[in-house]
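Student: So Swiss-Prot has the following annotated:
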BINDING   T36, G37, I38, R64, R65, D82, I83, S106, W107, Q140, Y177, S211, M212, M213  NADP(+) binding site
BINDING   K144, Y177  substrate binding site
ACT_SITE  K144  active site
ACT_SITE  Y177  active site
Amino acid sequence: MSWWYRRSIGETEQKRIEINGVSPTYQSVALIVGVTGIAGSGLAETLSFSDTPGGPWKVYGVARRPCPKWLAKLNVNYVQCDIANTDETYSKVAPLTDITHIFYVSWTGSEDVALNTLMFKNILDSVIPNAPNLKHVSLQTGIKYYWGNMAEMDSTNQPHECPFYENMPRLKQDNFYYNLEDLVYDSAVRKNGLSWSIHRPALIFGFSPCSMMNTVSTLCVYAAICKHENKPLVYTGTETSWTCLWDAVDSDLLAEHFLWAATVPNAKNQAFNINNGDVFKWKHMWKVLAKEFDIEAIGYEGKEPVLLEDLMKDKDSVWDEIVKKHDLVPTKLRDIAAFWLADVVFRNKETLCSMNKNKEFGFMGFRDTTKSFVSSINKMRDFKFIP
């Protein structure tokens with residue numbers, strides 16, 4: 001029974017590597033770029049376990065903000081760096097000459113093709129010439145590979161219809177995902193023997209209080225505000241998004257997917273979709289969210305959708321009250337919640353990705369999406385980021 005399958009059914013020990021003042025011997029050295037985000041933090045946690053394939057792992061974590069306290073327990077060697085700055089990136093990352101694996105899970109927070117491309121290029125240019133033992137480059141993109149920038153769609157440029165398959169052609173529009181993937185292909189040419197993998201996740205369910213792409217924390221904050229104001233949890237999106245099928249990926253499963261592609265020879269030099277292996281509807285998940293916060297759930301009722309970002313625009317002080325009342329870790333509303341992301345999701349249509357290629361190449365990891373959703377909420381509570 002593989003480690004990945006045992007993780008999926010909860011039969012791994014998940015014991016962390018113990019340092020105890022002794023310099024351990026590492027088999028692999030990871031550079032996680034975007035370590036404070038939802039994917040990066042999940043990967044850092046998975047690499048901290050003693051039974052993780054390829055380990056024991058030494059971990060460097062790069063992010064722009066100061067190292068958060070919740071990340072410190074994972075034994076990450078933190079590198080605060082603005083990777084949009086070429087000189088700063090080289091000065092801070094090039095000296096890390098023992099790197100064996102790059103895991104790139106960062107973006108600038110916009111669709112800026114040039115800036116996102118520069119950021120990844122700065123990392124590759126800093127590591128590839130200076131890390132003689134570099135073996136593998138992992139890149140996270142996503143399902144925007146298939147449906148692109150909706151604002152640029154017209155009659156001659158339409159998104160692919162789902163289910164999405166990895167061999168679908170690129171859309172006829174600018175998309176920084178395409179540029180990043182091209183940089184991956186180029187990196188394999190630059191260094192002989194360097195392997196790569198590209199990961200295209202669905203919605204990511206997981207833990208991070210400072211991620212620009214955390215649907216769970218955003219909805220938790222919305223629910224907490226509704227409860228604080230004695231209001232029901234109202235679904236703000238369209239009928240289509242309410243009733244259609246969705247897929248998501250647990251951040252732990254995503255981390256396992258990264259490790260599988262980086263350590264199993266058969267999986268290298270490929271692009272893969274990644275999701276939990278099941279589907280869900282928001283009409284069902286909405287009740288789960290409301291139950292977790294003990295409030296009334298009101299679903300789609302035929303009304304015009306409203307922007308959650310507009311509803312929450314004057315709620316900064318309300319969130320401050322909630323943080324104080326429940327003695328939570330201090331956060332600002334705009335840091336812990338990305339209401340624009342919820343608005344994108346709640347105005348979209350089904351985005352289902354095929355997992356057949358994963359099975360053909362041997363990846364059998366999975367998660368129950370409802371359990372993943374609840375687990376993510378509980379983890380946010382355990383770290384005292386939500387009431």
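Note that Cβ sites are derived from N, Cα and C of the backbone, with glycine treated the same way.
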Student: Counting Cβ neighbours within 10 Å across all chains shown, tell me which of the binding-site residues R65, K144 comes out on top.
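Tutor: The residue with the most neighbouring Cβ atoms within 10 Å is K144.
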Student: At the level of the C-alpha atoms, what whole-angstrom distance separates Y177 (NADP(+) binding site) and K144 (substrate binding site)?
Tutor: 8
Student: Fill in the CA-CA distance, W107 (NADP(+) binding site) to K144 (substrate binding site), as an integer in Å.
Tutor: 13
Student: Of these binding-site residues, I38, I83, M212, which scores lowest on Cβ atoms within 10 Å?
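Tutor: Minimum Cβ neighbour count within 10 Å, taken over the binding-site residues I38, I83, M212, occurs at M212.
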Student: Between R65 (NADP(+) binding site) and K144 (substrate binding site), what C-alpha distance do you get in Å?
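Tutor: Answer for this pair: 26 Å between alpha carbons.
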Student: State the Cα to Cα distance, in Å, between K144 (substrate binding site) and M212 (NADP(+) binding site), rounded to an integer.
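Tutor: With the alpha carbons as reference points, the distance is 15 Å.
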Student: State the count of C-beta atoms found within 10 angstroms of the C-beta of T36 (NADP(+) binding site), not counting that atom itself.
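Tutor: Around T36 (NADP(+) binding site), other Cβ atoms within 10 Å: 25.
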Student: Per DSSP, to which secondary structure element type does M212 (NADP(+) binding site) belong, with helix, strand and coil as the options?
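Tutor: Once the DSSP labels are grouped into three classes, M212 (NADP(+) binding site) ends up as coil.
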Student: On the three-state reduction of DSSP, what should I expect for Y177 (NADP(+) binding site)?
Tutor: helix
